[in-house]
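Residues or ranges marked as domain 'DYW' by TrEMBL: 554-646. Annotated repeat 'PPR' per TrEMBL: 79-110, 111-141, 142-172, 174-208, 237-271, 308-338, 339-373, in sequence order.
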Amino acid sequence: MFSRFNIHQPWKVRFFSRSIGNPDAILVGSCSSSSLPTTTKPSSDQNQIFPMNKIIARHVRSGDIDGALRVFHGMRAKNTVTWNSLLVGFCKDPNRIKEAHQLFVEIPQPDTFSYNIMLSCYIRSGNFEKAQSFFDKAPFKDSASWNTMITGYARRKEMEKARELFYSMTTEKNEVSWNAMISGYVECGDLEMASSFFKRAPVRGVVAWTAMITGYMKAKKVELAEAVFKDMTVKKNLVTWNAMISGYIENTRAEDGLKLFRAMLEEGTRPNSSGLSSVLLGCSELSALRFGRQVHQIVSKSSTLCNDVTALTSLVSMYCKCGEVGDAWRLFQGMEMRDVVAWNAMISGYAQHGRAEEALSLFSEMRVKKIRPDWITFVAVLLACNHAGLVDTGMEYFDSMVRDYSVEPRPDHYTCMVDLLGRAGKLEEALELIRSMPFKPHAAVFGTLLGACRVHKNVELGELAAEKLLELDPSNAAGYVQLANLYASRNRWEDVAKIRKRMKQSNVVKVPGYSWIEIKNKIHHFRSSDRIHPELDLIHKKLKEMEKKMRVAGYKPELEFALHDVEEEQKEKMLLWHSEKLAVAYGCLKLPEGSRIQVFKNLRICGDCHKAIKFMSEIERREIIVRDTTRFHHFKDGSCSCGGYW
């Protein structure tokens with residue numbers, strides 16, 4: 001394979017060195033004793049080895065393996081470092097493993113480092129059978145050799161083999177050995193074993209501490225992660241801070257995540273794009289726009305982050321989710337580089353805000369620029385069609401996804417299509433689509449169908465959807481609640497009572513609905529019929545004032561959304577005190593006259609609230625934005641951006 005490069009020289013040189021990379025390696029032999037130099041003065045060829053090795057290493061670091069090979073071929077004398085440097089280059093490319101093996105065979109005097117490089121190459125290519133055989137036969141094994149095998153098995157979650165090797169080590173176990181075992185068990189979710197190795201490790205570095213934090217956060221054991229973080233006896237690095245911050249956010253404690261991010265900055269640790277993505281996700285979940293803007297300033301002032309595609313894309317997503325789609329668009333337009341993730345973020349943002357025309361136009365521009373869409377792109381496109389009621393257009397994109405782009409439909413695509421058909425009232429077609437799915441239907445798709453049945457008050461199909469949903473996910477509170485709501489809309493209160501009894505027997509707890517609004521850097525939370533907020537009397541007074549004006553303007557409460565079998569007057573009172581109405585009223589009280597009000601809700605907006613807030617926007621002469629779990633509703637001058645299609 002290497003004959004065309006004339007690797008074999010007419011004479012051989014052998015170099016021995018106590019340490020890898022020693023430029024003072026000594027020439028000790030050639031193909032015959034008569035050719036040995038008669039003087040200790042190095043030849044010119046020998047003098048060139050060290051600088052040429054540096055050039056090869058530079059080519060390898062930049063990924064130019066062929067360039068490194070040309071330099072290698074041009075060298076008249078080489079040492080083991082020369083061969084090892086090129087071998088590292090071949091091992092970086094999984095497609096060149098055969099060339100790597102051939103080169104290894106040709107090394108005149110392979111050392112321990114040579115064997116470790118080749119071992120790592122087999123591990124990286126996933127050929128563990130070959131790696132194990134090579135390891136067993138290797139004449140040289142140091143701690144790095146053992147650690148390479150242990151780490152390889154640990155990453156494959158083959159912890160029995162990793163542990164067997166760990167206890168068989170003939171060299172001293174070092175920090176890397178213990179880290180491999182701790183991290184491996186963490187990845188497998190076996191925190192008991194991970195903790196056991198962690199406690200027994202003679203030296204616990206930052207990698208081990210961080211692995212335990214990551215494991216506890218993934219297992220939702222936040223308190224244990226906090227304890228490890230607090231007890232750390234070594235200096236926390238950026239990865240440690242990121243593990244803790246992202247763990248908070250993934251465990252619905254975004255506020256704690258943002259506080260810790262502030263502490264990290266005060267401690268002097270600079271964030272990277274990965275950490276900022278987690279922080280900005282936290283800003284999105286809390287709708288903490290002001291905090292998100294501060295993060296934007298950090299990105300803008302950083303020479304490395306200001307052009308980082310990941311950081312900028314996270315900002316685009318944050319602005320969209322916090323209601324500032326205009327800011328997101330300006331940032332997107334200013335990006336020098338845009339990958340498919342950036343395009344997806346902007347298309348999804350437009351879709352969330354019900355701006356289907358802009359979303360689909362951007363998708364067309366994406367295709368013109370030869371950016372190949374992925375499966376997430378099509379989820380965003382189908383959502384855009386969904387929120388605008390573009391059934392035929394959505395069906396065309398769904399077909400085009402496979403036909404033109406070879407993107408196989410995933411559960412998310414089917415959920416979008418069922419939602420699209422269901423919202424349009426095509427419930428039977430939605431059911432047929434579910435039955436035609438090439439894989440077993442998932443819980444979310446039946447939940448979506450049930451939601452559509454609730455909107456269109458189709459009890460028979462709703463019962464079927466609920467039955468299938470609860471078969472797949474018996475603890476799904478939304479399934480019970482949606483079915484109860486469907487019965488309530490038909491005044492079938494006995495059936496509502498049965499559902500509530502069934503929930504109680506199954507220990508299923510309904511997620512309480514709440515809304516929140518940010519006023520002067522403080523988040524105010526409201527629940528339906530709230531009794532906690534200190535200014536509740538003022539809020540109720542404001543709501544009653546608005547209700548009188550709304551009724552004069554033609555508002556009539558939608559009593560079917562009062563989901564209790566009580567008197568009509570009590571139902572009206574319950575509707576008036578829904579969490580989103582309380583938040584809007586508080587915004588009217590506290591924000592300057594005419595300014596925009598932005599409210600966020602953890603569940604889908606109530607039908608009566610949707611109707612009422614349209615009247616409120618006209619009476620108060622304000623734009624009112626409500627973000628629920630489905631989309632953004634922009635209320636202005638008595639109408640909503642969703643056009644009543646939500």
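Easy rule for this one: first residue shown is 1, then count along the chain.
Cβ atoms are placed via backbone N, Cα and C, with glycine included.
Automatic prediction, not curation, is the source of TrEMBL annotations.
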Residue numbers, six or more beyond the limits of the repeat 'PPR' (237-271), whose CB comes under 8 Å of its CB atoms: 206, 209-210, 213-214, 216-218, 220, 222, 225, 229, 278-279, 281-283, 285-286, 288, 291, 298, 302, 305
Outside the repeat 'PPR' (308-338), six or more residues from its ends: residues with CB under 8 Å to it: 273-274, 276-277, 280-281, 283-284, 287-289, 292, 295-296, 299, 345-346, 348-350, 352-353, 355, 371, 598, 625, 627, 632
Intrachain neighbours beyond the repeat 'PPR' (142-172), with Cβ under 8 angstroms and 6 or more residues off its ends: 112, 115-116, 119-120, 123, 128, 131-132, 135, 180-181, 183-185, 187-188, 190, 193
Summary of DSSP states over the repeat 'PPR' (79-110), given as helix, strand and coil counts: 26 helix, 0 strand, 6 coil
